[in-house]
Structures are given as C-alpha cells and as structure tokens.
Amino acid sequence: MTAKQLMINEEVADALAQGRGVVALESTLLAHGLPAGRNRAVAARLETVIRNAGAAPATIAVLDGTARIGLTEAELDRVCDPAADLVKLSRRDLGPALGLRGNGATTVASTSALAHAAGISLFATGGMGGVHRGAETSWDVSADLDVLASTPVTVVCSGVKSILDIPATLEVLESRSVPVLSYRTDHFPAFYLRDSGLPSPWRVDSPEAAAAVIAAHHASVPGDAGVVLANPIPAVHEMPRALHDELLRTGLELLAEKGVHGKDVTPLLLEHFHRTSEGASLDANEELVVSNAELAAAVAVALAESR
Ligand code: PSU
Ligand code: MN
C-alpha cells in the first residue's frame, strides 16, 4: 500500500518502533454495532483501558480514501457520527473504498488485514463473524473466518453470537488451522453468554500463557493463520439466559419477516437486541468489549516483554 493509502498515527508508530504493545480496534462495532452517542463513549473507554495497561490503541477506519491506523479525537467523532454515513467494509471492500477515495468502518476481516499491513499483531473486538444459521443454502459465511485463516493476527473477542451457527463456526476454524483459546474457562463463550454449550478446544489462564501460545503457534505452524482468544463476558454483566433466548427468537423472526440478508444481518439483530432489552444488551456489549481490550493489552505487553 502507498503512504497515502495507509497512514499510521504517531502514537502507534512510536509504540511499534519501540517494540511496545499495540492493540488494534475495529470501527464497525462503533459505526454499526452501537447507537450514536454511546458509541463515542465506548470508543474513548476502549482507548483509555489500553493506554492504562501500557499499550497503544490503534482504532482503524477508512477516511477520505486512506486507511487510518490510530484515529484522532475528531476522526473518532466522525466514525461515531451517523451523519458521516460510513459503509461497512469487509476485506474485499478495501480496494473500492481506497480506489474511489471513500469512507468506511472496518470489520474484523478488514481491520485484521490493515492491522497486519501496519505491523500490528493483536486486535480486540466484541464478537467476530462466522457461519450464519442456514448457510447451507444462503452461503453466508463471514469473511472474518477466511481472513483469520490467512492473517497472522490474534483476535481477542467474546466468541461469536448465538445468532450464528456456533458449532459450524468452530468446525471452519479447525479446518483452517486457526487455534481457539478460551480465557480462564473450558467453555467457548457466546458473546452475551459465558458459555455457548460447546467445549473450548484450548484454555489459557494468564496473558503470559496466551502470549506463549501465540508465539509458539507462529513458530511451528506453516502458513499465516491467526489465533482466536475468546474471553467470556464478565459474570456480573452476563445477560439472563431467558431474556437472551427470547430476544434471539424474536430477532430471527424479524430477519425472516424483513427478508434481510448479508451484511445487514448483524447490525439489524444488534439493534433489535438493544431496543427490545431496553439497554441491557447494550451494557453487556460495552462491558465485554472493554474487558477484551484490557485482556488484549495485557497480552500485547506480555508478547512485547517476551521478545
Ligand atoms: N459481532 C458483533 N458486533 C459487531 C460485529 C460482529 O457482536 O459489530 C461486526 C464485526 O465488525 C464483524 C462483522 O467483523 O460484524 C461481521 O459481519 P459479517 O457477518 O457481515 O461478515
Ligand atoms: Mn455475511
């Protein structure tokens, strides 16, 4: 990428040059996953917890045809402003967005790709995309999985939402040689819930252990597969299961009723959860992302210290 296409801000560039920890953050969860106002507060909180842990935050978005790694306060305002009308950019959309000098918010797929291009190996988010329910006929499998299979970046997330087909998502990660580690639990988490009901392939109990696994994975497994570090939502913020199941049921009905497909599925379901739960899912969402940013920063620092 040319210097005009990829710009790394000073804080991030300095941290990279000094071998300090850096944590990438995506912008789709801000622009399309959280309501206006609340998204800006979450953006600030994420950056603060990462700095407090001794790492540099690198929120990523495409603005005026440039992929920006690390945003100014004004750029964060813009990403969080619905009037800015940022489109949701998966990895395949980066060429059009840069070539046509557009604006967009980056998903796990495009954020991982841009983070790697900038030399960043850790990324924190809420949930990642995966295999959608009914993918056997819709073919809706998130590019997040493909990118993880071919990009040496660790994604710290709270697993995947139960709106997806979680067993199928875990199968694809296995086929594509992406290790899945869960943090201080034997169960793979499901975003609003601490336990998806499925066992986690691996468990780690400290940031140092996660860093050791990440380093050993890249040293021993040929290819460029990334790593999933799944961090369950803090227990005090977990959603009541009955409320969760009811929202999921009505959310899936709403999707079928409206005939929504493709990239609009996740934003519509999130909006349904947030509206119907009167903010309970919003609080859960915020707390899990913050917790993931904290863990990612601790792992980034452990990785930097072990080098
Ligand atoms: N899961 C969430 N919140 C989100 C997303 C996923 O709980 O905002 C976003 C992420 O940016 C993820 C993207 O990369 O949705 C996946 O979209 P798709 O399924 O269209 O690939
Ligand atoms: Mn999709």
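The backbone N, Cα and C atoms fix where each Cβ goes, and this holds for glycine too.
What TrEMBL annotates here:
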- E26: active site, proton donor (ACT_SITE)
- K161: active site, nucleophile (ACT_SITE)
- K88, V108, S142, A143, D144: substrate binding site (BINDING)
- D140: Mn(2+) binding site (BINDING)
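Overlay of TrEMBL annotations on the structure.
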residue : record                    : CB count, 10 Å
E26     : active site, proton donor : 28
K88     : substrate binding site    : 20
V108    : substrate binding site    : 28
D140    : Mn(2+) binding site       : 18
S142    : substrate binding site    : 25
A143    : substrate binding site    : 19
D144    : substrate binding site    : 26
K161    : active site, nucleophile  : 25
Rounded to a whole number of Å, the separation of the Cα atoms of A143 (substrate binding site) and E26 (active site, proton donor) comes to 15
Of the recorded positions E26, D140, K161, the one whose Cα sits nearest to the Cα of K88 (substrate binding site) is E26
Check: min Cα-Cα distance from the residue listed as 'active site, proton donor' over binding-site residues V108, S142, D144 goes to V108
For D140 (Mn(2+) binding site), the three-state DSSP class is coil
Restricting the recorded positions E26, K88, V108, D140, A143, D144 to those with Cβ under 6 angstroms from ligand 2 leaves D140
Spacing of the two Cα atoms, the residue listed as 'Mn(2+) binding site' and V108 (substrate binding site), in whole angstrom, works out to 16
For K88 (substrate binding site), the three-state DSSP class is strand
